[in-house]
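Note sheet for the following structure.
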């Protein structure tokens, strides 16, 4: 479907002009190079916000960034997904991972140090060289032949400690590095330890570095088997309260609760919850290859909007600067007035406040620049980006839909993702409507004597009870009529508007399934069909 799935990006263009492209990846790259990049270069966007995008940024596989305090289980989580050790992996209760490790697919197992990694044009890490040797000495790529890594890559980050000394001693701007990765990954997973929940100051700053990437963030409350149900409720509440103070978004973040390692659960009270949460998280990760093109398109749109706003800010500062005297005083005045300038530009160009960069960070950066060397506003560059946003995005969305339709669904496979897809350990196997699927005896038979007693109190005529009498008993379940109507439709196998004793027992069994919290089947599974109705049941078309 996309270039990183084996199909060549770019390719031949269709007839219809330079804007017609053959692949989504080629279209995104072309739009960026022709429409957005000239605007970025004219107003020093790369110095203020983010380095220029390269081919590898458009062609790389979906990436997941793991962030958390030390010993929350980040490296163990990767080991759990891959079901395999990887080069550079260190696990322990003390702070172990002191480097950023990009875990990627490779035909042979090995590792590449950061300085060599940032000169490889095939890897999307070349722009990390701007963080210097202090960072590059703490960055490596771990490659291994693993089925999971054929579809995704994972970035393991150093465990975050509390304290100012640890932050300073890194030798590089940790939050800036996280922000760089956040702009390029498909999913950001924040890991918390349910047994020792804490959000340090540096972790808070790290989370704030993800501003504008809220849609990518997922939260994992790990090691939840180490606390009982009552404690887990308190921990979950405390986590949501703490996150609410750090992440400024009205939407509630999705939190996955579980124990993500291949060891026995210490507390099995919530086993069913943990399994359901793990499957939800797996489905979210498995969907990343399908959504990668949409994510890249969304990131390009966000980048283009920010580049436009940046151009308005820089050109305004240039326009306000005097030509001869008082330049430094005017510069200080403009920097202090930046919040007012933001409001003025919002009104003048009808731009949302959410498109503007953070005021404080922008003020700090502007201190280092000579405003007289900024460029005045170039309307043609702005018009090119506006034209892209208005007219060029829609065809790409259509192309994404076409590629998804023409190409089989690609899901992440291998590792932990294969452990619950087949056999009795598949989620929901032998539960709810699936109970008794591999048994010879009719599963309803074990409770049928109880149901028969009820049946004969409902005045059966010729071995059947009417819909009116059946309703009197079924409504005692307090289920809504819409659900009871579906149960009636499933239980009335011969569609005669009445229930015999087996059909009534089936209806009571389906009610029990629903009351236990399981979903009803859309059609009656063969193993639930009453024995006396199995030959007469009409075959599905």
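A Cβ is built for glycine as well, from the same backbone N, Cα and C atoms used for every other residue.
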Check your understanding: Considering the residues 43, 172, 451, which is the one that Swiss-Prot annotates as phosphotyrosine?
Key -> 451
**Study point:** Which of 241, 261 belongs with 68, 69, 70, 71, 72, 73, 74, 75, 223 in the ATP site listed by Swiss-Prot
**Key:** 261
Point to revise | Record feature phosphoserine (Swiss-Prot), assigned residue among 157, 459 | key: 459
Exercise for review: Give the range, chosen from 214-217, 218-221, 222-225, that Swiss-Prot lists as region 'G4 motif'.
Suggested key: 222-225
Revision key, fill the gap. Checked against DSSP, the composition of the region 'G4 motif' (222-225) is 2 helix, 1 strand, 1 coil
Practice item. Other than 492, 494, 496, 498, 503, which residues of the same chain sit close to Ca(2+)? List them in sequence order, counting a residue when its Cβ is within 8 Å of the Cβ centroid of the site. Key: 464, 491, 493, 495, 497, 499, 500
**Study point:** Residue counts (helix, strand, coil, in that order) that DSSP gives for the domain 'EF-hand' (479-514)
**Key:** 25 helix, 3 strand, 8 coil
Review point. CA-CA, which of the recorded positions 451, 459, 494, 496, 498 lies nearest residue 223 (ATP binding site)?
Key: 451
Point to revise | Cα-nearest neighbour of residue 74 (ATP binding site) within the listed recorded positions, 451, 459, 494, 496 | key: 451
Practice item. Quick one: pull the CA-CA distance for residue 503 (Ca(2+) binding site) versus residue 451 (phosphotyrosine), whole Å only. Key: 10
Exercise for review: Measure from the CA atom of residue 459 (phosphoserine) to the CA atom of residue 492 (Ca(2+) binding site) and give the result in Å, rounded to a whole number.
Suggested key: 18
